[in-house]
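Annotated features in TrEMBL:
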BINDING   C:48, C:54  NADP(+) binding site
BINDING   C:125, C:126, C:127, C:284, C:299, C:300, C:301, C:302, C:303, C:325  FMN binding site
């Protein structure tokens with residue numbers, strides 16, 4: 001089935017394989033009149049680019065985005081925005097040994113089972129490079145949100161067992177930090193740990209946390225298209241994500257109702273506000289005006305240079321050691337991917353919410369015809 | 001937006017409020033020729049029915065399902081299956097006090113913000129009764145799966161801090177257990193804990209675990225419509241779910257690659273098989289032929305009889321004590337809802353997978369015309 | 001596949017067979033706050049009801065609609081509106097002879113080919129009764145449109161060879177006319193013709209024309225979801241429709257560019273306006289502010305009492321004479337169905353258009369948060 | 001709204017403006033294992049290319065397609081197929097005069113009304129060049145159909161008042177004919193007529209007819225997603241199409257039931273077959289195994305060099321003469337676009353039909369696991 005499209009109103013369709021000609025995305029449903037330049041996209045892509053530090057793969061791709069349509073004289077036109085990033089550094093010979101052997105933790109086996117064969121050069125459509133399209137589209141979504149005063153900020157919350165301490169949390173630290181961690185002290189311990197594991201030819205997982213500030217109350221739908229459910233799907237669709245939590249998440253399952261419920265009080269501006277935010281900004285699937293907070297658990301990079309037991313396409317047991325350039329941890333480069341998925345989901349639901357109330361629709365059209 | 005529909009090929013649309021005339025669902029896209037009777041649905045609904053034990057609300061509704069269309073002489077006809085459960089025991093006076101006051105942990109405030117007003121009798125569309133439609137549809141999905149040898153089994157994995165012990169795990173126990181817990185000893189401790197919290201007018205959360213056996217390899221799509229991402233959305237769309245994990249979930253974020261990767265070996269029947277199953281049966285979004293395993297974290301029931309701080313629609317701070325009949329824990333009755341969501345997601349992706357390979361499509365149509 | 005849903009934002013799902021328990025529809029995505037009562041629906045249904053005149057079948061069904069959800073204290077709540085009409089007068093014995101024999105012009109054969117068997121009592125899902133759900137949903141769409149000053153008006157344009165004359169066109173005539181024809185003189189000739197054909201056990205076709213007044217410019221999308229293309233699908237999905245035209249339709253294929261192009265002039269109110277309307281109110285798939293005009297061609301009722309050549313399910317050639325109560329012409333009762341489909345399509349595209357422009361979205365959300 | 005996507009299972013998304021960098025399409029949901037090369041696409045694109053004869057615009061674009069993803073070693077991989085045609089001959093200066101003035105019969109005015117502004121270089125997204133993406137995708141759909149023995153063949157049925165005569169109909173003539181007309185004698189008259197109208201700076205319309213051979217019975221859904229309704233939308237979404245007919249179309253509205261019904265007989269191979277085909281191969285929205293036949297009416301090219309009354313963006317009345325290179329008739333180049341839309345619709349419904357029957361689904365999965 002056609003599973004490369006996300007969204008109902010703000011709809012993105014990604015395409016491209018890690019070792020094909022390029023990677024791209026078409027964004028359909030972006031409103032007309034949003035200011036947009038290639039550099040708005042590029043700054044997002046630069047955050048997921050390889051080769052940024054010793055903890056990211058040394059593939060040296062420029063990953064320069066090109067906007068092919070949908071933008072005219074610096075503004076979106078309301079028609080589809082097509083973007084492409086050419087693949088320039090494939091070195092497909094590096095990957096020759098995986099043609100016949102299934103890499104543990106990868107989708108090689110499942111692609112063969114589903115499609116009968118696969119593009120064996122790199123991960124094909126399951127490669128991390130597939131996220132380029134998501135990030136390029138997410139950058140547009142982020143521009144959209146900024147114009148409504150909404151910001152999406154993700155960061156590394158933990159690397160293996162090393163987790164950010166609340167008391168040292170400093171968001172400014174994030175952007176100078178090689179691990180995108182808003183806690184310098186923890187990040188130094190995490191770096192040591194990472195180097196040790198790299199020395200053992202092993203890899204490490206971690207958790208990304210994301211906060212969305214400024215979402216007005218009322219976003220999301222009460223049944224299947226709940227805001228948190230939609231975030232869950234978007235975030236779980238990132239390769240390597242194994243868990244998702246909104247607000248207190250799994251901890252809420254151990255709390256009491258009297259602890260977990262967020263009471264309401266009145267703000268000086270006359271708005272109701274939750275006193276606490278165990279819910280993570282969403283009640284009954286609909287945003288409540290508080291900060292939205294969620295987390296995603298990433299597994300360790302599956303590509304490791306240790307020998308691993310596996311089998312060949314022909315059904316022989318064998319061992320594999322995965323050579324080549326691979327991140328020892330996915331998390332730092334995935335931070336911007338999480339932001340992208342959160343932004344895309346939020347924009348789609350903001351647009352859906354335009355049709356929630358008859359009174360507003362009537363005043364929208366009355367204004368237009370005046 | 002229209003958020004009451006789930007699925008692309010096997011599509012369900014639910015409707016109804018807790019205190020309206022009834023609750024229902026339309027299942028569109030169910031293949032023709034599936035044997036189906038009302039009792040196949042009823043036995044699922046009976047598992048979520050209130051009034052089963054002291055831990056479930058005493059609302060005494062029969063919750064009898066009626067099939068209105070799409071089934072003829074005991075078989076589905078390929079046309080929409082409409083089902084209804086009439087509401088017979090609303091007692092809407094019980095809920096009068098929530099008309100003007102926002103209940104903490106409920107969607108009262110967010111409904112008002114989104115729609116400008118709400119059906120204040122009970123939770124309306126956010127009530128647990130909304131899941132009747134899901135369960136009725138899920139029962140059909142479960143029949144479908146059974147005919148392919150696939151079974152979906154969920155159970156209570158933890159109640160507050162009390163978690164099933166692997167060494168005492170006994171699935172047969174589940175169906176005799178008031179908490180749907182496959183570990184009698186733990187369930188007795190959990191019952192004690194529940195009674196204590198009920199005495200304090202408090203409520204408790206927990207975790208549901210679900211296993212899907214018999215799914216062939218190849219189900220799910222590699223990008224946005226990953227099997228695990230689709231399960232995440234379906235399960236997170238159940239009210240009160242705050243977290244979702246596939247396989248090792250958040251634990252995987254603390255593991256090493258060498259620990260978390262599942263190696264492959266060959267089975268006597270000539271099939272490749274994973275030696276372990278940290279992945280939870282899904283690789284790159286596609287089923288790998290192993291058992292699918294996921295968990296959902298439920299928050300404590302938000303309705304508690306303790307006084308809680310809140311505000312009125314008119315913007316005055318006040319306190320609320322929620323009277324009426326409420327489960328002290330949602331989990332036991334939610335077990336069958338989790339099964340329903342898992343079954344619905346699996347059927348939709350099984351049908352989507354029919355169009356994955358050209359060779360099979362050709363032989364499908366060749367056969368048909370012979 | 002799930003083909004019983006229409007619309008993207010204002011979404012309807014119909015269900016029910018002619019001889020099952022009832023016929024219904026779920027409308028999902030209707031904005032909150034629209035005033036709605038059962039009588040707003042009923043007056044639409046009464047227009048398609050059988051038994052209105054000698055030219056409509058004598059099945060005497062009350063066709064009383066019941067709203068089951070989504071409306072509270074006279075207003076829509078933003079949640080799904082479920083409606084049902086119970087079948088009360090099935091007389092399924094009348095239809096027994098069609099169990100094994102394929103009726104020419106009906107879907108009996110194609111249902112058997114597609115699904116392997118069929119509900120042989122009446123037309124099942126292909127019966128004209130299926131349109132009850134469309135009309136009930138369309139009535140809500142029409143209420144929505146009225147609140148924006150938009151009206152949808154269809155009428156019989158021709159009965160067999162008898163076509164309304166422009167010079168005698170009188171819309172007031174329509175509602176007193178047994179054939180819904182806005183030209184009394186032509187309708188009398190058409191009635192004579194109908195009676196003659198009924199005497200010969202034959203049936204007649206015709207054309208329905210529909211005008212939509214008050215649609216603001218800008219509705220519809222420029223590529224696949226053009227307003228006219230969407231109308232075409234909605235209208236062609238009515239059983240018995242064999243052709244669709246927007247504006248001059250097939251006549252435009254014989255015109256010259258200089259004749260067919262509609263020039264623009266300025267109105268006193270400062271708006272641009274087309275001097276003529278060959279286009280039928282839509283340019284490049286988007287409404288241009290003029291009246292939308294389209295036509296649908298209906299085939300003659302396929303059920304006729306003459307002997308016809310056909311075959312049995314078992315593959316034997318035979319003859320069939322279709323007894324029972326059948327309209328000699330579908331058109332008069334289909335007029336309201338055409339209106340319903342036009343209203344539904346228009347509402348869906350009006351809602352989609354809310355997200356066309358960034359400036360309006362920003363002012364929408366700014367207002368909301370002020 | 002996102003209106004650039006067509007299809008549910010075999011899904012295409014087009015992008016690109018006439019004077020932007022290029023035009024493209026992403027095909028998502030194409031099964032794996034279909035043999036596909038760029039030349040399979042190119043031969044379709046060559047049929048819609050400008051500069052083929054004096055009746056087609058002299059824009060001399062190579063319109064070379066490039067496949068960017070989804071094909072590996074000559075076979076589709078089951079992942080999205082992205083294709084691009086670069087714009088190489090835009091000459092945007094030719095179009096400068098339309099920046100401020102609304103061309104009659106074009107979408108200039110409606111784009112401005114919808115989006116607040118537009119890409120005024122050429123028709124932007126409403127240009128005929130937008131069909132490049134449709135034709136490239138349609139070429140893949142045609143390959144798919146060929147592998148099932150299904151062929152789609154369109155041709156010019158009429159040019160202005162000149163219509164193909166049944167008795168001279170010769171499909172072999174079509175491909176040597178500058179007007180794609182399967183009747184040489186009529187085409188010569190039509191050419192004369194065209195030249196005369198070109199001399200008068202005028203333009204001409206016409207009708208395209210399309211036949212689909214080899215569709216098995218059972219394709220299409222009985223309610224909204226009828227095969228003919230889906231064809232209608234796909235075909236009406238081609239710019240300049242003003243009418244659609246299936247089978248006898250508008251003529252059926254003047255026929256009697258006894259004339260219009262197609263009786264059944266038995267074929268020597270034991271299959272039921274319709275004796276005639278007034279229905280055009282579809283009964284109740286589902287294919288009946290006969291040839292599918294439909295027609296589309298095209299308006300005359302709106303761009304003419306005669307002076308026409310119009311207005312400016314600023315609201316002044318003025319005249320416009322449209323210079324530049326424009327086809328005097330759209331029809332000959334639109335023939336392949338109609339084929340493309342028919343092929344795309346048919347493939348989508350063939351894939352949807354895979355899930356119609358439980359028995360076939362069970363045997364599909366049983367085979368797979370054996």
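Any Cβ shown, glycine's included, is placed from N, Cα and C.
These numbers come from a predicted model, not from an experiment.
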Sparsest-packed of the listed binding-site residues (C:48, C:125, C:299) - C-beta count within 10 angstroms: C:48
Residue pair residue C:125 (FMN binding site), residue C:48 (NADP(+) binding site) - Cα distance, angstrom, rounded: 17
Length of the line joining the Cα atoms of residue C:127 (FMN binding site) and residue C:48 (NADP(+) binding site), in Å: 13
Residue, out of the binding-site residues C:127, C:301, C:303, whose Cβ gathers the largest set of other Cβ atoms within 10 Å: C:301
Candidate nearest residue C:48 (NADP(+) binding site) in space, where candidates are the binding-site residues C:299, C:301, C:303 and distance is Cα-Cα: C:301
Farthest-apart CA atoms of C:125, C:126, C:127, C:284, C:299, C:300, C:301, C:302, C:303, C:325, residues recorded for FMN, distance in Å: 44
Short-range binding-site residues relative to chain B, from C:48, C:125, C:127, C:299, C:301, with Cβ separation under 8 Å: C:125
Where residue C:48 (NADP(+) binding site) sits in the secondary structure, as DSSP reduces it to three classes: helix
